Amino acid sequence: MSSPSSSSFISTIVIFILCFFIITTIFMVPLTNAQPSPGFSPSNKFRTIGFFQGFRNLWGPQHQKLEQNQLTIWLDKSSGSGFKSNRAFRSGYFGAAIKLHPGYTAGVITSLYLSNNEVHPGNHDEVDIEFLGTTPGKPYTLQTNVYVRGSGDGSRIVGREVKFNLWFDPTANFHHYAILWSPREIIFLVDDIPIRRYKKKSDSTFPMRPMWVYGSVWDASSWATEGGKYKADYQYQPFYARYTNFKLSGCPENAPNSCGAVSASPNPAGGLSRQQNLAMQWAQNNHMVYDYCKDSRRDHSVTPECFMA
């Protein structure tokens with residue numbers, strides 16, 4: 001039989017161990033969900049350019065203003081606005097810091113994307129970062145998408161959408177969003193964290209023709225917010241989108257073959273480092289809200305990359 005003093009000692013040890021596990025659990029959960037470091041910042045590899053060094057207005061010039069290298073474009077009932085890079089690229093890193101409009105923005109799309117629609121109408125390629133407007137109290141959705149050789153044209157649209165709810169308020173401050181497109185892969189990044197990697201698995205599922213870089217704000221009420229349930233409401237106009245810290249670095253369409261594709265990782269050959277992969281896994285596990293490859297309602301015979309190694 002143990003003495004009262006030894007029983008008291010054992011009880012103290014048990015209580016200490018229980019408290020340790022409780023405290024560890026409380027503090028480890030937030031750490032698990034905290035934004036990780038990707039260990040590498042591709043945005044720092046490429047110099048910032050002025051807007052007119054790389055871009056020009058495409059439409060809605062009366063809804064576009066440039067002040068101290070911050071471009072503001074806006075949508076109201078009369079028009080939206082868009083801009084376009086001065087030249088096409090066959091690969092590269094394309095990014096900007098963007099700040100979104102707060103409040104009621106249902107139906108409104110703010111975008112940064114690659115496309116060759118003006119050269120290949122009805123049969124174009126496109127790589128999208130789109131911010132889907134929302135209603136108060138609900139987060140913006142960041143939608144990434146890839147269209148290949150007309151899959152975004154005509155009556156039967158075949159998108160490759162992967163969507164995220166961001167881990168910060170994109171209306172409070174500027175955050176950096178980028179697309180890295182190489183002959184091997186497309187990587188979407190948010191504040192240098194890779195959120196999606198789309199690998200080239202076949203010629204038919206990967207865009208390879210030169211594309212321009214675009215940005216725009218426009219009314220997509222028919223589908224943008226909860227499948228079109230909520231429309232743009234112009235009593236809240238104008239809807240602003242602000243861009244700065246522009247990055248354009250890559251191989252123009254007429255560059256010699258010696259022009260090598262840029263990389264999003266410390267490895268010049270491309271891909272992602274182990275730490276970048278862990279950061280991407282964190283983003284997908286905690287903030288991805290839709291993946292077309294996991295949608296059982298989709299006809300995956302037209303998206304064979306979902307099942308290709």
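Counting begins at 1 with the first residue displayed.
Yeah, the Cβs are placed from backbone N, Cα and C, and that goes for glycine too.
Annotations in TrEMBL come from automatic prediction, not curation.
TrEMBL lists 12-31 with the feature transmembrane segment.
The domain 'GH16' feature in TrEMBL is assigned to 30-243.
A 10 Å cutoff on Cβ-Cβ distances gives E126 (active site, nucleophile) a total of 20 other Cβ atoms nearby, all chains included. The secondary structure of E126 (active site, nucleophile), as reduced to three states from DSSP, is extended strand. Annotation source TrEMBL lists active site, nucleophile at E126.
Marked as active site, proton donor by TrEMBL: E130.
Around E130 (active site, proton donor), the same-chain residues at least 6 positions away in sequence with a Cβ under 8 Å from its Cβ are I109, T110, S111, Y113, L142, Q143, T144, N145.
Confidence across the domain 'GH16' (30-243), taken as the mean pLDDT and rounded to a whole number, stands at 96.
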